[in-house]
């Protein structure tokens with residue numbers, strides 16, 4: 001399989017130049033200002049932006065068990081339409097991903113579909129019971145496991161969380177923290193996030209584990225995490241497109257953690273500009289319209305992430321496309337131990353072609369995700385994904 005990409009503006013975390021890319025056997029084989037090859041498939045970019053495909057550090061595909069909301073195929077196709085070729089899936093499936101059987105189902109189905117790379121999180125506690133860690137022993141020799149998380153509920157018992165962090169460190173896993181203190185969940189969601197953030201940061205320092213703080217949304221939590229990172233703690237910091245693109249004044253859509261105040265959004269953008277944020281994760285969380293009408297928290301995000309982030313960060317706040325690529329591609333690849341997220345000879349050819357000058361209007365009827373739950377309906381942003389390439393094959397083309 002050969003593909004020649006012509007006339008692209010090539011951008012990754014450190015590069016920005018015009019040129020061609022030749023892909024052979026799924027890998028970037030040659031990069032130059034001009035490449036000529038006979039009898040190969042050609043993609044003419046017409047000077048549009050070509051970036052490393054995005055990798056989502058935080059998504060929910062609801063498969064197995066909740067496939068009325070999403071499944072591995074629909075979620076993967078939504079990812080491709082949004083420019084993503086890799087996702088890290090949370091464990092809140094049905095049954096919860098606490099067993100080898102569930103993990104193997106996801107892996108086998110993913111390979112059968114052959115659409116994107118899927119990394120399935122293991123639950124921190126068995127079946128989210130908040131106390132049992134024995135199931136983690138099953139995965140100690142499984143090199144495909146990258147991360148563990150009780151995302152959606154969190155781990156309220158501090159001793160259990162510390163022990164889980166120690167296990168994660170022993171196995172070189174990332175522990176993904178959903179920072180929410182249950183004591184405050186019903187009364188004050190700001191305090192709920194802040195209190196649990198403080199605890200998990202301190203436990204991360206104590207254990208030495210790599211702790212990934214998911215969907216950080218308050219200015220206080222940001223300050224706490226950044227201070228710990230500055231001290232050398234092995235912590236990475238994730239924010240979402242909706243916590244960048246919305247404030248309570250614009251749309252108080254139900255999501256967990258909630259849409260925050262203007263000052264919180266300003267601090268998130270400031271942290272990004274200062275280089276203190278590591279990844280952008282969509283927290284793609286599809287629901288049926290019936291469930292959403294009853295108050296289920298969450299929104300779909302894979303198909304709108306880039307235009308929201310590009311518009312809000314690059315166009316409106318002066319963040320470079322290089323930095324955005326770092327947040328959406330390079331750093332997520334590093335987090336998950338993937339040889340991706342950059343444009344270099346010998347790297348797997350996962351790429352996305354984007355028209356950054358094209359204005360789009362969000363229309364949930366055009367989503368390929370089963371989910372239609374979005375607060376961005378009818379809003380306009382810049383940046384349209386034209387094509388997504390996975391291992392040198394064009395998997396999505398508008």
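Just so it is clear, glycine is given a Cβ too, placed from its N, Cα and C backbone atoms.
Remember, it's a predicted structure, so these values are computed and weren't measured experimentally.
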### Summary
According to Swiss-Prot, 60, 61, 62, 92, 287, 297, 298 bind substrate, and the residue from 29, 256, 322 that belongs to that same site is 256
### Query
For the Zn(2+) 1 site that Swiss-Prot assigns to 58, 60, 151, which of 264, 278, 283 is also named?
283
### Query
Pick from 135, 178, 242: which one does Swiss-Prot list with 151, 215 for the same Zn(2+) 2 site?
178
## Note on the structure
According to DSSP, residue 58 (Zn(2+) 1 binding site) sits in strand
### Task
Could you measure between residue 287 (substrate binding site) and residue 215 (Zn(2+) 2 binding site) for me? Cα positions, answer in whole angstrom.
19
### Message
Around the Zn(2+) 2 site formed by 151, 178, 215, which additional residues qualify by having Cβ within 8 Å of the site's Cβ center?
### Response
58, 90, 149, 152, 154, 176, 177, 179, 180, 214, 256, 283
### Task
Enumerate the residues of the same chain, 58, 60, 151, 283 excluded, that satisfy the criterion Cβ within 8 A of the mean position of the Cβ atoms of the recorded Zn(2+) 1 site; list them in sequence order.
59, 90, 152, 214, 215, 281, 282, 284, 285
## Note on the structure
Rounded Cα distance, in Å, between residue 151 (Zn(2+) 1 binding site) and residue 215 (Zn(2+) 2 binding site) is 10
